[in-house]
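Asker: Pulled these from Swiss-Prot:
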- CYS30-CYS164: disulfide bond (DISULFID)
- CYS51-CYS67: disulfide bond (DISULFID)
- CYS99-CYS257: disulfide bond (DISULFID)
- CYS143-CYS211: disulfide bond (DISULFID)
- CYS175-CYS190: disulfide bond (DISULFID)
- CYS201-CYS226: disulfide bond (DISULFID)
- 24-250: domain 'Peptidase S1' (DOMAIN)
- ASN80: N-linked glycosylation site (CARBOHYD)
- ASN252: N-linked glycosylation site (CARBOHYD)
- 1-17: signal peptide (SIGNAL)
Amino acid sequence: VLIRVLANLLLLQLSYAQESSELVIGGDECDINEHPFLVALHTARSKRFHCAGTLLNKEWVLTAARCDMENMQIYLGLHNISRPNQDQKRRVPKEKHFCVSSKTYTRWDKDIMLIRLKRPVNDGTHIAPLSLPSNPPSVGSVCRIMGWGSITTTKVTYPDVPHCANIKLFDYSVCRDAYKGLPEKSRTLCAGILEGGIDSCKVDNGGPLICNGQFQGIGSWEGHPCAQPLKPALYTNVFEYTDWIEGIIARNTTVTCPP
């Protein structure tokens, strides 16, 4: 029965891809002006980026809890890692906020980290914030993913520039069918391309999922290898955490994370 259900979903996805010019099979280099809110995270000793994140305002960045690391450095306004933009900035964290310890999140719950920068950044040609969502995401939405993650699945190939692609938002049950052990309910989103070939991948964790123009998800977990058929990725549902995020930013000491 499960195989038949997944096969029907695959046929629906193939039909959708044929009808919608917005869907792509493989990612391409992002336009340099498309991602002023996208940030790159790495350690001072690392030569490659560890994760991505999203600038919410001049002081705050939102990413995944799994992206926590020592000696974190945050790059803003970055496009080509080999040719820095003139307005590119580097910052370090002043504060880190978690729903739970960065060591006890799960792939289906509370994989979220809010970072306050030690020094604010001003808007620029390649630096600008992305607002929190005003509405919850809708199943069937076309969503945009982006990051400096691996662009190949059989071996790790990191690009110098971020790649962007469109994927589709599915009902959470699709990911439950694909990955055994997921709970019946979760504050995560399920998104991808059911025929495979496009997905978030290594180092894209923490980056944004933008659906119908709204920041709806944080890259959390994908199948291994990436971009396999019938294996969508999981994204932390940003809308479910907006009260917590806004409370932390407003310095509300009584705000609590969703149970």
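Backbone N, Cα and C atoms are what each Cβ position is placed from, and that goes for glycine too.
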Asker: Applying a 10 Å Cβ distance cut-off over all chains shown, what neighbour count does CYS143 (disulfide bond) have?
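Answerer: Cβ-Cβ neighbours of CYS143 (disulfide bond) within 10 Å number 22.
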Asker: In the three-state scheme derived from DSSP, which category covers CYS99 (disulfide bond)?
Answerer: coil
Asker: For CYS30 (disulfide bond), list the number of other Cβ atoms lying within 10 Å of its Cβ atom.
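Answerer: There are 19 of them.
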Asker: Return only the integer: C-alpha distance in Å from CYS67 (disulfide bond) to CYS143 (disulfide bond).
Answerer: 22
Asker: What are the sequence-distant neighbours of CYS257 (disulfide bond), meaning same chain, six or more residues apart, C-beta distance under 8 angstroms?
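Answerer: Expected: CYS99, VAL100, LYS110, TYR241, TRP244.
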Asker: Quick one: of the disulfide-bonded residues CYS30, CYS51, CYS164, CYS175, which has its CA closest to the CA of CYS211 (disulfide bond)?
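Answerer: Sorting the disulfide-bonded residues by distance from CYS211 (disulfide bond), the top entry is CYS164.
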Asker: What is the number of other Cβ atoms found within 10 Å of the Cβ of ASN252 (N-linked glycosylation site)?
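Answerer: Excluding its own Cβ, ASN252 (N-linked glycosylation site) sees 12 Cβ atoms within 10 Å.
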